[in-house]
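S.K.: Quick paste from TrEMBL:
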TRANSMEM  44-65  transmembrane segment
DOMAIN    93-318  domain 'Cytochrome b561 bacterial/Ni-hydrogenase'
TRANSMEM  102-120  transmembrane segment
TRANSMEM  185-204  transmembrane segment
TRANSMEM  243-268  transmembrane segment
TRANSMEM  289-308  transmembrane segment
TRANSMEM  328-347  transmembrane segment
DOMAIN    412-549  domain 'Oxidoreductase molybdopterin-binding'
Amino acid sequence: MHDFRRQLKQPEDTIDPRTWAGSVPDARGTAPHVRVGRDKWFNLLWLIPLGFVLLVAAIAIAQGLREIPAVQQFMQHYPGTILRPDAEQTAGFPAWVSWQHFLNLFLMIFIIRSGVQILTDHPRLYWTRHSTPGKEWFRFQKPVPEDPLWTAKQDSVNVPSWVGLPGLRHSIGLARWWHLGVDTLWLLNGVVFVVLLFVTGHWVRVVPTSWDVFPNAISVAIQYASLDWPLENGWWAYNSLQLLAYFITIFIAAPLALITGLGMSPALSTRLRWISSRFSIQAARSLHFLVLCWFLLFIVVHVTLVFTTGALRNLNHMYAGRNDQTWVGFWIFAASMVVVIVGWVGASPLTLRKPRLIQRVGYALIGPAQRLFEHVDAKPGQYTEKDISPYLWHNGKYPETDEYRALFENNFADYRLQISGLVDNPVQLSMAEVRALPYHEQITQHFCIQGWSGVAKWGGVSMTTILELVKPRPEAKWVVFYSLGDGPDGGTYYDAHPIEQMSYPLTMLAYDMNDEPLSYGHGAPLRLRNEVQLGFKLVKWIRGIEFVADFAELGGGYGGYNEDHEFFGYRQSI
Ligand SMILES: Nc1nc2c(c(=O)[nH]1)N[C@H]1C(S)=C(S)[C@@H](COP(=O)(O)O)O[C@H]1N2
Ligand SMILES: [Mo]
């Protein structure tokens, strides 16, 4: 019997950027481009001069408008701010608003930076689940090269470490702990905020209660654009444009960030296929990015206006709960900015020095949700022939050993699938024997952690057939799949799955893909499909399967190759 465990490589607990992820060299993306028509690409950097021209034009137009008597009348009728008769009762800023405003801002730094890092791991956005090269609507990477074995990992880029978190190429595992972990805190803060808004009656300050908000907002827009700015009385009420911006941010953008985020989960998309077939993971990813754009726009405009419309008074409102021109609010703000800067500067170095800590804390925060969504019913996740993607990205490190080459060249005649561990009937099966088992077929969607997706038809053996054959003992809790190929840092690629998921109807060993024998690139002779998990857990080029009680003894003990070496999580339903 082959001892799989001996060929696993012990991982490191710190990160050396030079040897990270199989020593991938750093790579920068291109300027962001948006596709117009079939294959023309517009460089978004042109928006900078274009925006400047539009701004100057808007100022001229607004100033012209204000000369017109009808417009003057309109603006007199709609001065910009709707002062409610009961405004006195909800005037001012209670301490909880100040605290939640600060927490929100502080947490968003990490969410945005790690989100950008995640985006760089697949620097392309699509509207359909097929992720076909050339069909993306947005990219900051060159066109996909002709190389038929080009991988998504080769396609990844990076951003500087003060922008991205942690700022290493293909550091998505760690970026996701930051992103999803801090998300849970941000959502908690948001829920408390919304509850308090409604309990205290302060909601009327950020929710429009009259249609007059729209003409007033137009009036405010003209006032801003004409550089003759509206009177500020934010202590009692926001102007209508501000009101709309806050309303959209709190009640539309924030929930949309959550919904579109969950829209990228393999487990939820599989379970809720009636939604995800219309609103695909790529639509979710694209919208998630547009929500980011909204937040960035909001932050820039908000901060600019805070500082240009009576900075001291504005800072006193939010940071000191007072409505005067003293410096108190400014100093509290300055102190809070020290915390922000320390957090900003420290986050990436901390992550490189203590990646296991980030992995552990991240899992403590998001793990309960990961675990919850693993138990979903995978059955609805099937597609039809017409949904099959014309192109399925390749990923991972290809097996390059002489052993593999010999097996491949001999059409796997000498291949044996070894199934061992805590089973009553360990077996070694030739491919002929595997093919003689009852045939199982499914058309399902693949979700790579990097963000691309695609649908393929998989043919092979259901894992339930394998379970019936080998008879796992009751102590067996995890099923470990070992590859013929190594991972990028050396040592066998492997991954552990909860045994419960092996009897899901869409868990199988595939030897056919789209009615043809599995290709070299996609995992010949055998690969795993488990449709409630992300792609990296679906081991290709399978050599053997071991049933174990616990994976702590295997390799680094984190449940798989990427878990050991790239700090991924072993539960990946989101
Ligand atoms: N042995 C092995 N299996 C692997 C990988 C790998 O590097 N080695 N990469 C994984 C990743 S990250 C993904 S997304 C899928 C990609 O499968 P595909 O190339 O068939 O699309 O394979 C997974 N299985
Ligand atoms: Mo992946």
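Placement of Cβ uses the backbone N, Cα and C atoms for every residue, glycine included.
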S.K.: Should anything in the same chain at least six residues away from the transmembrane segment (185-204) have a Cβ under 8 Å from its Cβ atoms, list it; otherwise answer none.
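M.R.: For the transmembrane segment (185-204), the sequence-distant neighbours (Cβ-Cβ under 8 Å, at least 6 residues beyond its ends) are 84, 86, 89-90, 94, 96-97, 100, 103-104, 107-108, 111, 250, 254, 258, 365.
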S.K.: Please count the residues of the domain 'Oxidoreductase molybdopterin-binding' (412-549) that DSSP assigns to helix (H, G, I), strand (E, B) and coil.
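M.R.: Tallying H, G and I as helix, E and B as strand, the rest coil: 22 helix, 64 strand, 52 coil.
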S.K.: Should anything in the same chain at least six residues away from the transmembrane segment (289-308) have a Cβ under 8 Å from its Cβ atoms, list it; otherwise answer none.
M.R.: 108, 112, 115-116, 119, 125, 138, 245, 248-249, 253, 256-257, 260, 314-315
S.K.: Apart from its near flanks, which chain residues at least 6 from the ends of the transmembrane segment (243-268) lie with a Cβ under 8 angstroms of it?
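M.R.: Sequence-distant neighbours of the transmembrane segment (243-268): 82, 183, 187, 190, 193-194, 205-208, 213, 217, 237, 276, 279, 281, 283-285, 287-288, 291, 294-295, 298, 301-302, 373-374, 376, 378, 445, 447, 451, 531-534, 572-574.
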